[in-house]
Amino acid sequence: MEMSYLLHLSPEECQVPGEAWVGSLAMGMNFFCSPIVSIFTDRLGCRATAAMGASIAFIGLLCSSFTKSLEVRYFTYGILFGCGSSFAFQPSLVILGHYFKRRLGLANGLVAGGSCLISVPLPFFLKMVGKAIGLAHTFQVLSALMIIQIFLSMTYRPLLPPSCDSQHDGQDKLGSRSVRQQCWAQTRKYFNLRVFRRKTYRIWAFGIATAVLGYLVPYMNLVKYVEKRFEETKKDWILLVCLGAMSGLGRLISGRVGDCIPGLKKIYLQVASFMLFGILCMMIPQCQGFEGVIVICLFLGLCDGFFTTIMAPIAFELVGPMQASQAIGYLMGLMAVPMTAGTPIAGYLTDYFANYDAAFYFAGVSPIIGGAVLSVVPLVHQRMLKKQRLYSGKDKMLASEAVVNGELLPGCPASEAHM
């Protein structure tokens, strides 16, 4: 929401219909770049990747302040800022796995909940600053915040040292191969698709991608819906505050609750949040007053908080800490397609039926279906464990995922481990 809000600070500069697509492109790039970000995180480390992303975002915002051309802003804001935000964000999820294990959910909740302290007042701050100094100087103010992010990313220090023996063994093996074999080996190493060999991860990723098809629809249409149906233009800001504040509260609660739930049973928190989210979306057209929409926004924000915080701990449970970076990256990459397509589909339904009802019903169906798919993951996992114990006397999966002292966690390259 904060990305697209920048584009509407100055009415004189934002009358072009295609301007709104600049924010959509930035949000889409934030997800599309995630698989690439996971590779950089494993290769360069969380610290270097996050600093590089913040630098790219800084350049994008600063360049956006010096142009009024829509075509140029597609590149400076939509691509540069969108990609930079992706590179700066994802390492913040991975680095927590270096410091927390038993309380990983709570740590994610505190980090994600803390971001709401900024996101809730941000629209009002941007509106005030935009009116005072204009859109161009507002971009410059935001670019200064990205400079702070560069220095903050320097605190992403990995904990475990590298395994020198394994590195030398790997180099010896590569030295005995042809150039073509070395290139293929390096490609397979960094484009690691092993996470998709796990049936539970494939089901989980498919369920999440299905659930988020209509996820952005209420956020993009609630204010316009309230203005059209209830003719409420002075209090529509309350909806954004309710969504942001309750999302922060949900992130704090879900992080603490997630730590109390063992193993993959954490997924049931996502199931409940998606199911409730879908039901609430379909209840929006049934509201007879503005107050009813406010109540729904409170619970929508709560569901958003539960879904957001528990995602990284579930990834660590599914694939282990060594492949968590790749798992999160590929998941967010898969989420990019349905999240980007959902809003245009809802817009088509709104134009076709001349109201927002069909759009909200559409937004409610996909989370319910996705939640139903996610509910299967713990059952499949338990069945796989039973088969494994039946045909083997030891748990090979847990043994292969064990992290011993001297191994690298994702986002911990040899160059950083000695720092």
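Glycine too: its Cβ is placed from the backbone N, Cα and C atoms.
Straight from TrEMBL, the features:
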type	residues	note
TRANSMEM	20-41	transmembrane segment
TRANSMEM	48-68	transmembrane segment
TRANSMEM	74-97	transmembrane segment
TRANSMEM	104-126	transmembrane segment
TRANSMEM	132-152	transmembrane segment
TRANSMEM	201-217	transmembrane segment
TRANSMEM	237-255	transmembrane segment
TRANSMEM	267-286	transmembrane segment
TRANSMEM	292-316	transmembrane segment
TRANSMEM	328-346	transmembrane segment
TRANSMEM	358-380	transmembrane segment
Recorded stretches the transmembrane segment (201-217) and the transmembrane segment (48-68) touching, at least 3 CB pairs under 8 Å: no
Highest-contact recorded stretch vs the transmembrane segment (104-126), from 20-41, 74-97, 132-152, CB pairs under 8 Å: 74-97
Stretch-level contact, the transmembrane segment (48-68) and the transmembrane segment (132-152), CB cutoff 8 A, at least 3 pairs: yes
Selected stretch (most C-beta pairs under 8 A with the transmembrane segment (237-255)) from 74-97, 267-286, 292-316, 328-346, 358-380: 292-316
Residue numbers, six or more beyond the limits of the transmembrane segment (74-97), whose CB comes under 8 Å of its CB atoms: 3, 6, 21-23, 25-34, 37-38, 40-41, 46-47, 49-50, 52-61, 63-64, 67, 104, 107-108, 111, 146, 149, 153, 156, 158, 312, 316, 321, 324-325, 328-329, 332, 409-411
Range from 20-41, 267-286, 292-316, 328-346 with the greatest count of C-beta pairs under 8 A to the transmembrane segment (358-380): 267-286
Whether the transmembrane segment (20-41) meets the transmembrane segment (292-316): three or more C-beta pairs under 8 angstroms: no
Other parts of the chain folded back onto the transmembrane segment (292-316), taken as Cβ under 8 Å at six or more residues beyond its ends: 93, 96-97, 104-105, 108-109, 112-113, 204, 208, 218, 222, 225-226, 230, 238-239, 242-255, 258, 264, 266-267, 269-270, 272-274, 276-277, 280-281, 283-284, 324, 327-328, 331
